[in-house]
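One structure is given below, encoded as structure tokens.
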Amino acid sequence: MTSVVVVGTQWGDEGKGKITDFLSSDAEVIARYQGGDNAGHTIVIDNKKFKLHLIPSGIFFPEKISVIGNGVVVNPKSLVKELAYLHEEGVTTDNLRISDRAHVILPYHIKLDQLQEEAKGDNKIGTTIKGIGPAYMDKAARVGIRIADLLDRDIFAERLKTNLAEKNRLFEKMYDSAPIAFDEIFEEYYGYGQEIKKYVTDTSVILNDALDAGKRVLFEGAQGVMLDIDQGTYPFVTSSNPVAGGVTIGSGVGPSKINKVVGVCKAYTSRVGDGPFPTELFDEVGERIREIGHEYGTTTGRPRRVGWFDSVVMRHSRRVSGITNLSLNSIDVLSGLETVKICVAYDLDGKRIDHYPASLEQLKRCKPIYEELPGWSEDITGVRSLEDLPENARNYVRRIGELVGVRISTFSVGPGREQTNILESVWATI
């Protein structure tokens with residue numbers, strides 16, 4: 001029994017897809033356990049970029065099983081489109097498995113997402129308008145439609161009619177918006193269900209059987225710890241649990257079967273959407289990092305907010321997700337800066353604090369306390385070992401490890417597979 005969980009430790013976009021793809025080479029099963037097509041994974045293979053939103057990064061290994069777990073909310077239309085995209089690129093998807101217990105995103109979820117966001121005005125959360133939140137709302141309210149329901153024509157029709165009656169009353173009376181007709185959805189989405197039917201199964205059985213047989217299973221998180229609905233910057237969060245604990249709920253695998261948790265972070269910080277961001281940069285340094293790092297959302301295309309590395313955020317993520325190993329990405333983006341900074345603590349009303357406050361009002365008053373380190377001017381994109389890094393870059397990497405309190409297992413100096421350097425094999429230490 002060998003399993004590794006990959007989680008983002010910041011606000012998403014840390015490069016989880018790349019690290020998952022990298023670790024997938026030694027895994028036999030790769031599974032997603034939460035989120036939906038609001039997540040964006042960019043994988044570079046032979047200098048070619050592939051962008052995925054629903055399907056696990058392991059799909060590029062035809063000999064490995066890729067799983068969409070029960071904790072994922074699935075937009076059938078997006079999934080069918082993504083499958084077609086992969087097929088056009090010559091990628092087989094015969095190794096994909098989809099949980100019959102996963103909940104389905106339907107057009108009324110997307111419409112409600114948009115109407116709710118518009119109604120918030122200046123207090124908007126910054127949702128991707130993908131229907132993720134409303135789908136999880138229906139799940140919690142026990143009125144959601146699952147993949148198993150989508151495949152049964154009669155059950156799908158019955159539940160869709162019931163849900164539309166309720167949602168349309170909401171659209172018309174609360175939002176003064178046009179209703180959605182049953183005929184606009186039913187045949188189209190039932191058709192999508194039939195297209196994905198061959199992939200649908202009880203994925204909990206597949207995952208547990210694999211673990212019991214001693215196979216290596218990799219769990220792939222979406223978004224990041226700071227977007228977790230319980231442990232993140234609530235309410236500026238996603239509607240699921242990206243933390244490692246979400247694996248057990250979202251995949252049907254017990255906590256005793258989790259061996260390692262790899263936390264993925266960038267050498268700086270970024271986030272998309274609204275919400276607190278203590279180390280955010282508004283100057284030319286921030287603009288430089290954004291452009292060199294290509295900091296634009298995979299899903300939304302929106303410019304990401306960027307800032308210095310925040311070890312307070314990282315220690316919070318380490319604690320609530322039980323991180324055992326760190327994967328540090330995008331060190332190359334900081335090349336050319338005379339000075340680099342790391343936030344080591346916050347100043348809250350004149351008092352130094354080392355933890356991340358739950359209160360948004362307190363966070364607004366938090367000022368980062370920085371430790372400054374000398375930068376480096378060398379091009380490090382071809383570096384293949386820690387020793388080959390310039391001394392200042394090497395010191396920066398080591399200082400991050402010290403402040404976070406987790407050993408760094410890999411560091412990357414670019415988007416390519418060959419630009420990921422191993423300091424310690426995650427699989428070998430299990």
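Each Cβ is built from the backbone N, Cα and C atoms, and glycine gets one as well.
Per Swiss-Prot, the feature GTP binding site maps to 12-18, 40-42, ARG304, 330-332, 412-414. Every protein chain shown contributes to the tally, and the Cβ of HIS41 (active site, proton donor) ends up with 24 other Cβ atoms within 10 Å.
Using a 10 Å radius centred on the Cβ of GLY15 (GTP binding site) and all shown protein chains, the other Cβ atoms total 22. Secondary structure at GLY15 (GTP binding site), taken from DSSP and collapsed to helix, strand or coil, is coil. Taken from Swiss-Prot, the feature IMP binding site applies to ASP13, GLU14, GLY15, LYS16, ASN38, ALA39, GLY40, HIS41, THR128, ARG142, GLN223, THR238, ARG302.
Feature annotation from Swiss-Prot assigns Mg(2+) binding site to ASP13, GLY40; the stated evidence is sequence analysis. All chains included, 21 other C-beta atoms sit within 10 angstroms of the C-beta of GLY40 (IMP binding site).
Take the CB of ASP13 (IMP binding site) and look out to 10 A: across all protein chains shown you find 27 other CB atoms. What Swiss-Prot lists as active site, proton acceptor is ASP13.
Under the DSSP three-state reduction, HIS41 (active site, proton donor) is assigned to strand. The active site, proton donor feature in Swiss-Prot is assigned to HIS41; the stated evidence is sequence analysis.
Just so you know, the Cβ of THR300 (substrate binding site) picks up 17 other Cβ atoms within 10 Å once every protein chain is counted. A coil conformation is recorded for THR300 (substrate binding site) in the three-state DSSP classification, outside any helix or strand. Under the heading substrate binding site, Swiss-Prot lists THR298, THR299, THR300, GLY301, ARG302, PRO303, ARG304.
Packing around GLN223 (IMP binding site) is summarised by its Cβ count: 29 other Cβ atoms lie within 10 angstroms of its Cβ, all protein chains included. When Cα-Cα distances from ARG304 (substrate binding site) are compared across the binding-site residues GLY12, ASN38, ILE331, VAL413, the shortest belongs to GLY12. In terms of local Cβ density within 10 Å, ASN38 ranks first among the binding-site residues ASN38, THR42, THR128. HIS41 (active site, proton donor) is 8 Å away from ASP13 (IMP binding site) when you measure Cα to Cα.
Here is what falls inside 10 Å of the CA of GLN223 (IMP binding site) among the binding-site residues GLY12, LYS18, THR42, PRO303: GLY12. In the three-state DSSP assignment, the secondary structure recorded for ILE331 (GTP binding site) is helix.
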